[in-house]
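Visitor: Have a look at this one.
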Amino acid sequence: MQITNVEESNNFTAGRSIQEKITGAFLVGGSSFDAWLTTTTAQVAQVLLTLPHTLAQMGITSGIVFQLLYGALGCWSCYITMCLYMDYVAILERHNARRKNHIIQWYEVLDGHLGRWWRASGLLFNCALMVSSATIQLIACANTIWYMNNSLDKRTWTFIFGALCFLTVLIPTARNYRLWVFIGIFMTTYTAWYFTIASIFFEKHDKHVQHSAPVSKIQYFTGATNNIYTFGNHALTLEIVEAMDKPRKYKITNVYAILYIFTLTLPSAVSVYWRFGDQMLNYPNALAVLSPSKFRNVAIILMLTHQFIEFSAFVVPVFAMWEKLLGIHCSQNYTLKCIARMPIVLGICFLAIMLPFFGSINSVVGAIISSIGVYILPCLAFMVIRRHKESRENAIEQPPFWIKSWVGVYCINLGLVLWVGIIGAGFGSWASMHNIMHKVEKFGLFAKCFQC
C-alpha cells in the first residue's frame, strides 16, 4: 500500500513537472529573444496604419528621415535608461535591499538616484504614456473592425472591445505572454507586407495622383510627432528588462528590434503613399483606401488581435504601479490583484469613448508625453547624475567605444534634449493640439462614429 502511494505521488509530480514545462515554453520567457519579441510588439502595431497618413502630412523625404532619426534617438534614450537602471540595481544589491517579486519601474530608478521630485515626474509621464498607449490600442480596435463590419458604429465596437480588455487583469507579469508576442510579430509582419504588395501590384493606379506634401506647418509638425510616438514606446523598457534573465543584454536587443521595425514601417508607408498620394491626408487609417478582399480581411483580423496583445503589454505595467499604490504588489492573493486592476481598464475605456480620434491622438501623445517622458527626461536625469566624478567612475556602463569620452555622451544627450524639446514638445504640441481641437469642434467629444 505504501509503495502504491509513493508511485502515485511520483506520477503526480512528474505530470505536474511536464505541465509546468509546457506552460513555461509557451507562456513564460526571460531570454533576449523574448525581450526582442516584446519590444517589437510594443513598438509597432496600429502605427502601421497611420504612417502613410504621416507621409502625406510631411512628404516622403522628411517622413523617411524622421523615422530613421527618431528610431536612432529612441535607441539612445533607451540605452541611457538602461545605464541608470543597472546602477540602481547595483545600489540595491549592495545594500541587500532588492525584494523578490518586486518589479523595478522607471520612477523608482529616478527616486533612487535623484529623489522624490524626479520620482514624481517619472511616475507622471510613464503612467500617462502607458495609459494613453493602451487607450490608443482600444480606439484602433474599433476603428479597424469598422472597415470589415460597419453594421455597428465605432462607439459600439469600442464598448465590445473594451469589455474584452477586462481579460487583461488575469495576466500576472510581463513574463507571461511569450506565445502572444510571438504571434504578434507575425501579425504586424503580414499586415506591413500586405500593404506593400497590395499597393505596388494590385491597387488601381491613378495617373493623376499627386504628392504635394507638406501642405502646411500644422500638418508637417503633426506628422513629425506621430513619428516620435512610433519610436517612443520604450516606456516599457524596464518592465521588459525586469522579465529578462540577463538584463544587461537589452541595450543590443532594442537596437535589433528597431532595425526590424524599419523593415515593416518604411516599405509599407512609402508604398501606400506612393500609390494614393494626397488622398491619404483624409484617411488616418490606411485600411480605408485599400480595396476590400480576403487578404485585407485577414490583415484586419490580425491587427485587431495584435492591438489587443499590445493593449495588455501597456496595461500590465500600469497594474503594477496601481498595486504598489494600494500596497498589494507583493501579495500572493491573485484574486485580490485581479479585482483591484478593474478600475484601470474601466478608466481606459472611458477615455477611448470620449476621444475616439484615431491618428490625431497619436500625435498629441507623441508631442506632450513621449517627447518629455521617454526622450528628454532620461537624458536630463543622466546628465544630472553623471555630473559627479564619483558617479562617472562607478558607472557600470562606461561610454561606448565609438564615443570614448563622457563629453561625447553629454553632447549627444544635450542635442537630443534640445531637438526633441523644440521640434517635438514645442512645435509638435502646438500643431497636434490645434489638430485635435479641430476634430473636437467638428465631431464633438464621445463621437458616435468618427470619420464613418
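Quick reminder: no glycine exception, Cβ is built from N, Cα and C everywhere.
What TrEMBL says about a protein is an automatic prediction, not a curated fact.
This is the feature table in TrEMBL:
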DOMAIN    30-422  domain 'Amino acid transporter transmembrane'
TRANSMEM  68-91  transmembrane segment
TRANSMEM  123-145  transmembrane segment
TRANSMEM  157-174  transmembrane segment
TRANSMEM  180-202  transmembrane segment
TRANSMEM  255-276  transmembrane segment
TRANSMEM  296-322  transmembrane segment
TRANSMEM  334-358  transmembrane segment
TRANSMEM  364-385  transmembrane segment
TRANSMEM  406-427  transmembrane segment
Visitor: Which residues of the same chain, at least 6 past either end of the transmembrane segment (334-358), have a Cβ under 8 Å from a Cβ in it?
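Guide: Counting only partners 6 or more residues beyond its ends, the transmembrane segment (334-358) has Cβ contacts under 8 Å with 50, 131, 134-135, 138-140, 142-143, 154-155, 158-159, 162, 165-166, 168-170, 172, 284-285, 315, 318-319, 322-323, 326, 328, 436, 439-440, 443, 445-447, 450-451.
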Visitor: Are there at least 3 C-beta pairs under 8 angstroms linking the transmembrane segment (68-91) and the transmembrane segment (364-385), leaving out pairs fewer than 6 apart in sequence?
Guide: yes
Visitor: Which range wins on Cβ pairs under 8 Å with the transmembrane segment (68-91): 123-145, 180-202, 406-427?
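Guide: Most contacts with the transmembrane segment (68-91): 406-427.
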Visitor: Can you tell me which parts of the same chain pack against the transmembrane segment (296-322), counting only residues 6+ beyond its ends and a CB-CB cutoff under 8 A?
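Guide: Here the qualifying positions are 38, 41-42, 45-46, 48-49, 103, 105, 107, 123, 126-127, 130-131, 133-134, 137-138, 140-141, 144-145, 147-148, 161, 164-165, 168-169, 171, 173-174, 177, 180-181, 183-184, 186-188, 190-191, 194-195, 198, 235-236, 239, 287, 290, 329, 337, 340-341, 344-345, 348.
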Visitor: Sort out the residues at least 6 away from either end of the transmembrane segment (157-174), same chain, that have Cβ-Cβ distances under 8 Å to it, and list them.
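Guide: For the transmembrane segment (157-174), the sequence-distant neighbours (Cβ-Cβ under 8 Å, at least 6 residues beyond its ends) are 38, 103, 138-139, 141-142, 145-146, 236, 239-240, 242-243, 308, 311-313, 315-317, 319, 334, 337-339, 341-342, 345, 348-349, 352-353, 356.
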Visitor: Below 8 angstroms Cβ to Cβ, which residues of this chain, lying six or more residues outside the transmembrane segment (406-427), approach it?
Guide: 73, 76-77, 80, 217, 221, 224-225, 228, 366-368, 370-372, 375-376, 379-380, 382-383, 386, 392, 399
Visitor: Within the same chain, where does the transmembrane segment (255-276) have neighbours whose Cβ lies under 8 angstroms from its own Cβ atoms, ignoring anything closer than 6 residues to its ends? I mean 6 or more beyond.
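Guide: Distal contacts: 36, 39-40, 43-44, 47-48, 51-52, 54-56, 60, 63-64, 67-68, 71, 74-75, 188-189, 191-193, 195-196, 199-200, 203, 205-206, 209, 211, 230-231, 286, 289-290.
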